[in-house]
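Trainee: This is the structure I want to talk about, given as structure tokens.
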Amino acid sequence: MVSTVRLAVIPGDGIGPEVVAEALKALDAAVAGTEVSFEQTPFSLGAARYLETGDVLTGDDLAAIRQHDAILLGAVGGVPGDPRLAGANIERGLLLRLRFELDHYVNLRPSVLYPGVTSPLANPGDVDFVVVREGTEGPYVGNGGAIRVGTPSEVANEVSVNTAYGVERVVRYAFAAASARPKKKLTLVHKTNVLVFAGSLWERTVDAVAAEYPDVAVDYLHVDAATIFLVTDPARFDVIVTDNLFGDILTDLAGAISGGIGLAASGNINPDGRFPSMFEPVHGSAPDIAGKGIADPTAAILSVALLLDHLGHPELAARVQRAVAADIAGRGDARRSTSEVGDAIVARIDVHETQRI
Ligand SMILES: NC(=O)C1=CN([C@@H]2O[C@H](COP(=O)(O)OP(=O)(O)OC[C@H]3O[C@@H](n4cnc5c(N)ncnc54)[C@H](O)[C@@H]3O)[C@@H](O)[C@H]2O)C=CC1
Ligand SMILES: CC(C)CC(=O)C(=O)O
Ligand SMILES: [Mg+2]
């Protein structure tokens, strides 16, 4: 059946537009010759737009984005500490607002150590796990405030919000994901020994849902210990379920052990399908390398694979993933530009049908 997907494209700031350009080339190649096509609408959003117009995300922007089936985002945010962006809070006003308004309660972040990738770990073993990070609650909701700001007696609060409704739905998603994977293991990561109220809610919810999934082995790690095991024994993980903040931190580490942040893809999923889900690399706008043409676009390209899978085209997703795996296997130490990596992956997507990897 012929289908046209309405795709909102937010290239964003820094290396965002550079990697999104390559991701779109890969998307075109993946759907070429199929009955799936994408109708793209670009949205100019991010720090650059704010500096030009003073707008971060208007009601009209949001309404227009909602009309799409999916979103591809590069990265947003300027140079950390740039005083011109002090009042804007691009990350909260744009990125987090999209995640909250579009109810992206699952932030899905797979980590796979592809053959040929150099991990900084001596013996990484079989790294193939996925972090299911809660995406709409936790300390990122903006529930806080400060008094006596700028004085020696300043007090600043940032409250973590955890609701039974919010925790249960993401835990259910994580169990279903674990049950569908070969290892069938779920690890709750939290800090229940000190964050006792939220920790207890997460623990009780996991225990309750676990009763419905006797096939899934469940364990628990405090987040500090989880960082140890991600480095010493990442193969022990299968599905990690955790809150918004811990998941943010753990997935940069997960990216680093699986070959670098330039390979780490993610999906901000609204599993109910009421709103468009949003796919983006785990990394940020990397102002330190922006404009140099050296950003690795692989994470953005793998985010396209997650997008295709989410839209019900696992065979097209696999086409992209196989091309990436083949490119990675042959990379060696040669440094390539952003577009050279994109072109090489696209070439492998194109030959996919004749040269199965
Ligand atoms: N989803 C998003 O839009 C995110 C936005 N940010 C924003 O991005 C800006 C920069 O944040 P940072 O903390 O520096 O994190 P970052 O992820 O942008 O960069 C961290 C380090 O990783 C490197 N790096 C990142 N992506 C890479 C790639 N594709 N290829 C090669 N190297 C890569 C960078 O050069 C830098 O050395 C900030 O404004 C931050 O708020 C940060 C994380 C996520
Ligand atoms: C604004 C931040 C929450 C973005 C980020 O670092 C992430 O989602 O990984
Ligand atoms: Mg992050």
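Cβ coordinates are placed from backbone N, Cα and C, and glycine is handled just like the others.
Found this in TrEMBL, in case it helps:
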DOMAIN    6-345  domain 'Isopropylmalate dehydrogenase-like'
BINDING   ARG99, ARG109, ARG133, ASP224  substrate binding site
SITE      TYR140  site 'Important for catalysis'
SITE      LYS191  site 'Important for catalysis'
BINDING   ASP224, ASP248, ASP252  Mg(2+) binding site
BINDING   GLY284, SER285, ALA286, PRO287, ASP288, ILE289, ALA290, GLY291, LYS292, GLY293, ILE294, ALA295, ASP296  NAD(+) binding site
Trainee: Which is it, of ARG99, ARG109: the one of these binding-site residues whose Cβ has the most other Cβ atoms within 10 Å?
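Mentor: Per the Cβ count, the most surrounded site is ARG109.
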Trainee: Could you check which of the recorded positions TYR140, ASP224, ALA286 have their CB within less than 6 A of ligand 1?
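Mentor: ALA286, in sequence order.
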Trainee: What are the non-local neighbours of ASP252 (Mg(2+) binding site), defined as same-chain residues 6+ apart in sequence with CB under 8 A from its CB?
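Mentor: For ASP252 (Mg(2+) binding site), the qualifying residues are ILE261, ALA264, VAL282.
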Trainee: From the centroid of the CB atoms of ASP224, ASP248, ASP252, the recorded Mg(2+) site, which same-chain residues not already listed sit within 8 A by their CB, in sequence order?
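Mentor: Same chain, not in ASP224, ASP248, ASP252, Cβ within 8 Å: VAL223, THR227, LEU245, PHE246, GLY247, ILE249, LEU250, THR251, LEU253.
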Trainee: According to DSSP, which of helix, strand or coil covers ARG133 (substrate binding site)?
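Mentor: It is in a strand.
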Trainee: ASP248 (Mg(2+) binding site) to ASP296 (NAD(+) binding site): how many Å between their Cα atoms?
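Mentor: Cα to Cα, ASP248 (Mg(2+) binding site) and ASP296 (NAD(+) binding site) are separated by 20 Å.
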Trainee: Nearest to LYS191 (site 'Important for catalysis') by Cα, among ARG99, ARG133, LYS292 (binding-site residues)?
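Mentor: The smallest Cα gap between LYS191 (site 'Important for catalysis') and any of the binding-site residues is with ARG133.
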Trainee: Sort out for me which one of ARG133, LYS191, LYS292 has the most neighbouring CB atoms within 10 A, since those are the recorded positions we care about.
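Mentor: Neighbour-count leader: ARG133.
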Trainee: Could you measure between ARG109 (substrate binding site) and ALA286 (NAD(+) binding site) for me? Cα positions, answer in whole angstrom.
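Mentor: With the alpha carbons as reference points, the distance is 19 Å.
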Trainee: How big is the gap, in Å, between the Cα of ALA290 (NAD(+) binding site) and that of ARG99 (substrate binding site), rounded to a whole number?
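Mentor: So the alpha carbons of ALA290 (NAD(+) binding site) and ARG99 (substrate binding site) sit roughly 25 Å from each other.
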Trainee: Only counting partners 6 or more residues apart, tell me which same-chain residues put their Cβ under 8 Å from the Cβ of ASP224 (substrate binding site).
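Mentor: Looking at Cβ-Cβ distances below 8 Å from ASP224 (substrate binding site), excluding near sequence neighbours, one finds LYS191.
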Trainee: Between TYR140 (site 'Important for catalysis') and ARG99 (substrate binding site), find the distance joining the two CA atoms and give it rounded to the nearest Å.
Mentor: 11
Trainee: Among ARG99, TYR140, LYS191, ASP288, LYS292, ASP296, the recorded positions in the record, which have a C-beta under 6 A from ligand 3?
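Mentor: Near ligand 3: none of them.
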Trainee: If one measures from the C-alpha of GLY284 (NAD(+) binding site) to the C-alpha of ARG99 (substrate binding site), what distance in angstrom results, rounded to a whole number?
Mentor: 16
